[in-house]
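According to TrEMBL, the features are:
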type	residues	note
DOMAIN	2-375	domain 'Amino acid transporter transmembrane'
TRANSMEM	20-43	transmembrane segment
TRANSMEM	76-95	transmembrane segment
TRANSMEM	115-132	transmembrane segment
TRANSMEM	144-166	transmembrane segment
TRANSMEM	178-198	transmembrane segment
TRANSMEM	210-233	transmembrane segment
TRANSMEM	253-281	transmembrane segment
TRANSMEM	293-312	transmembrane segment
TRANSMEM	318-339	transmembrane segment
TRANSMEM	359-379	transmembrane segment
Amino acid sequence: LQGIFVLGLPYALLHSGYSGLLLIVLAAALCCYTGKILIACLYEENEDGQLIRVRDTYEDIANACYKKLSPSLGGIVVNVTQVVELIMTCILYLVVSGNLLSHSFPYVPVTEKTWSVIAFVTLLPCIFIRTLKIVSKLSQLCSLVHFLIILVVITYCLTQMHQWSWAKFRLSLEFEDFLVSVGVIIFSYTSQIFLPTLEGNMKNPGEFRCMLNWTHFFACILKTTFALTAFLTWGEKTKEVITDNLPSFLETLVNLCLLTKTLLSYPLPFFAATEIVYSCISKDNHSNYRSPLLALTVRGSFLLLTLLMAMFTPHFALLMGLSGSVTGAAMTFLLPSLFHLKLKWENLSFLEKCADISVFILGFLCSLAGIVCSIKGLLEVLG
């Protein structure tokens, strides 16, 4: 829940004003809700009225929804969407790593792409990761580094409290700038892709809803505090990545911490993407299901693909925004609400149906607006 997008929240407040604070809370509530209804789609009631987990993955949910149309069509759509989003995330981490190294060591005569290759070399051991347990330990370290970054920024901001002013908040909004803020805020919470696997690996899955409530609550508090203190400190001078506002002696330290966080973040989407592809290949080749060579080939191919795309894809940030508007909105809002309506329609109350339909419409509008803005940006750059 605490990704790189968090560092852009103060910039989002710059363009959204007071409404941005409301959006941070609303986005937490909506993402928590769609996480719950997505997991609800994994379960069905048996003859005794007890909930039994009859599905294991996002793919299984999609296949159950559209099995009359095609036994595997829904799963194919979901898997392609997931893999595209996960790969784009991995590429973003490589691009960001190169950028951070370049800014941390400006006097070293090395290009940003070369720094990305150096960062890539440190990620080569990822091809040997075989279990989610290793990924979870790396994610724990990632969270600790992230909290350190947040702590440093907030501490510095508190030392500048004497210059805070609520007058820095904007009352009038530019529509396109506001849409950018909506995208940054919403996608700083997205985690739906990982939830079925996470819930399935919990020692007590019955605590999942409680866990989701508390994690989103604390994430909301932390994001609001971080965004508010940073924006009140720098106001109109707030930059897209808030660490660029820090004094030089702190900026280098935080950038190195951010680099560590970025490299530790890479294994999770990488592992998830390769597992999806590996399982799809194995379904058609059961004898090689446990083949170490096949697994290494899949992971190695994906690792190399992320490097090549990071090196040779022009205007990656805009392409990331375009794909994120499609895949991010789909996986976070559109598909969970659509699947929940499809599988649970007869058991849903009128208010629950209204809630799902509202989330679907909101997700569609966010996706459409993001696509329009990203395409417009690409056309401006290319034209």
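Placement of Cβ uses the backbone N, Cα and C atoms for every residue, glycine included.
TrEMBL does not curate its annotations; it predicts them automatically.
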Segment-segment contact (the transmembrane segment (76-95); the transmembrane segment (115-132)) at 3 or more Cβ pairs under 8 Å: yes
Chain residues outside the transmembrane segment (253-281) and at least six past its termini with a C-beta under 8 angstroms from it: 3-4, 7, 59, 79, 82-83, 86-87, 89-90, 93-94, 96-97, 100-101, 103-104, 119, 122-123, 126, 129, 132, 134-135, 138-139, 141-142, 145-146, 148-149, 152-153, 193-194, 197, 243, 246, 294-295, 298-299, 302-303, 306
CB contact flag for the transmembrane segment (115-132) and the transmembrane segment (293-312), at least three pairs under 8 A: yes
Contacting positions for the transmembrane segment (178-198) when only residues 6+ beyond its ends and CB under 8 Å are counted: 1, 3, 5-6, 8-9, 11-13, 15-16, 19-20, 23-24, 27-28, 30-31, 34-35, 38-39, 42, 55-58, 61, 82, 85-86, 132, 216, 219, 223, 268, 272, 321, 324-325, 328, 331-332, 336, 366, 369-370, 373
